[in-house]
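Q: The structure's right below; bear with me while I get my questions together.
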Amino acid sequence: MAHKAPEANRECDVAIDMAAVDEDRNKPGAWTFSNRVTRPLSKWYKLLLEAGVEENGIRPSSLPAYCASYRIIPTGALGTTLYGLCLRDVSLIIIFFNIVTCLPPAFISLGGYKTGMRQMVQARYSFGLYLVVIPLLLNAGTITGFTVVGSIVSGQAIAAVSKEANISVNVGIGIVCALSFLLAFLGYRTLHLWQRWQWIPSLIAIAIAVGCGGKHLMDQADHEPATVKNVVGYGSLMAGYFMTFGGTVSDFNVYHSPEESKLKVFAYVYLGFLTPSTPLLILGAAIGGAIPTDESWQTAWNGYGIGGVLAEMLEPAGGFGKFVLVVLALSVVGNMLLSYYSVALCLQTLVPVFTKVPRFIFIIVTLAIMVPMSIYAAAQWETSLVNFLSVIGYWAGCFDAVIIEELVVFRNRDYNLLDPKIWNQGRRLPTGLAAIGASMIGLGLVIPSMDTPWFTGPIGAKVGDIGFESAFVATGVAYYPLRTLEIRLMGRV
């Protein structure tokens, strides 16, 4: 078949040979649903595209960083406020687990720019076209949870800016969600531009906050000696935080050139996770350890969470301190942008016909879900945060093990074996039974290894929460024989 002239990608202006990648687009009636959606609003739709709104969704792109945000500070604070660990112990746990658990998502990220496919589309090459819905829904739920946490933390800071104005946390949540929605609506180019520069004012604002309130950070509350259970439990919390990025990390580098060095991209992504998060988590631990020693900080923590404590830290700076607090609140927008973007892509992957619906429509749906969930969770934000972080690592351990083993063992790290031409052809993709079967075995071992606020298994009760570790190891061990059998029965990878 003769190829059409390359079509310019509306997001990055790179020529895309759409006939080569998406031959199904030329089939009669293939775009009927899309036309039905956009035809009544064709003029508005065209204006949106010309304004820079991204149209491309989960379809493979042609083969041609993360930011400093104070959203992660409450996670660091949990080590000293909830797990009862001292600042030294929490810092060592953060450093060790960050170094180790940032490795899997950094490795998984290589598939994005090498194949031009989003993360959950790549997952079809192990979980299959239909069974991939299971990790897809878990991934969407995880991203939604992160967005809820981010919006609550930002809303608390906005509410703490002017307590006299009586701005509620709910209003703050609405403000930050609306801003994040607007930027995510425009697509990858806007997201990349925001992420590229936002870290500068965010880093300056964090430095100012530490400079203003740093003297109080030296006054750490006394803690009991660390126990194995608390150390393992908080370490698993850290692992769960970073391992979940394995479900989204490739969404943000699909437009990069596949000619880039894999080592270079791996290093950028790895350091992009490790460098900003580690000092912020340790700062959170220091703040958490100092809260019981200062009555005003304790009151602010009880009323406005981490945003209230930062407001107290910036109190000596007066009106300028309030401005800095607003900058810190808006630093969360960068993380929420990533979440909005990935949730929309997950929704597009959910049902095949959804690929015909423009991506930005799902951004609107995502906003409608996020705001009420954030307002509901804000009422008990610390409990919500702990419950969320304590369980998200379990499914991510299974997912990351499958994705890594599939690529390393069964495809010999050859990204050419992830053929983008079959991305939506169920008969040519794996059945997914091996991946789901191995994950079920992994999750079966998770249950006795759990130690959460709402359930504790016999193993978890003795050594702490090792559910993530159990999921990763058990799934990896079980996947090899199951996938080998699947390949023999199907006669192909």
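Every residue gets a Cβ built from N, Cα and C, even glycine.
According to TrEMBL, the feature transmembrane segment maps to 90-113, 125-153, 165-187, 199-218, 238-255, 267-291, 323-347, 359-379, 385-408, 429-447, 459-482.
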Q: Where among 90-113, 165-187, 429-447 do we find the most Cβ pairs under 8 Å to the transmembrane segment (238-255)?
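A: Selected stretch: 90-113, with the most Cβ pairs under 8 Å.
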Q: Can you tell me which of 267-291, 359-379, 385-408, 429-447 gets the most C-beta pairs within less than 8 Å of the transmembrane segment (125-153)?
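A: Per the Cβ under 8 Å count, 429-447.
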Q: Tell me if the transmembrane segment (385-408) touches the transmembrane segment (165-187). I count contact as 3 or more CB pairs below 8 A, with pairs 6 or more residues apart.
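A: When sequence-distant Cβ pairs are counted, the transmembrane segment (385-408) does not touch the transmembrane segment (165-187), since fewer than 3 lie under 8 Å.
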Q: Excluding the flanking five residues on each side, which residues at least 6 beyond the ends of the transmembrane segment (199-218) place their CB within less than 8 Å of a CB in that stretch?
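A: For the transmembrane segment (199-218), the nonlocal Cβ contacts are 65, 67-70, 276, 280, 283, 286-287, 290, 293-294, 297, 310, 312-317, 321, 324-325, 327-328, 331, 334.
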Q: When each of 90-113, 359-379, 385-408 is checked against the transmembrane segment (429-447) for Cβ pairs under 8 Å, which one has the most?
A: 385-408
Q: Mark yes when the transmembrane segment (359-379) and the transmembrane segment (385-408) have three or more Cβ pairs under 8 Å (sequence separation 6 or more) and no when they do not.
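A: Contact criterion not met.
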Q: Could you name the stretch, out of 90-113, 359-379, 459-482, with the greatest number of CB pairs under 8 A to the transmembrane segment (267-291)?
A: 90-113
Q: Report, as numbers and ranges, which residues of the same chain sit near the transmembrane segment (459-482): CB under 8 Å and 6 or more residues beyond its ends.
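A: Sequence-distant neighbours of the transmembrane segment (459-482): 228-233, 236-237, 239-240, 243, 390, 393-398, 400-402, 404-406, 409, 433-435, 437-439, 441-446, 448-452.
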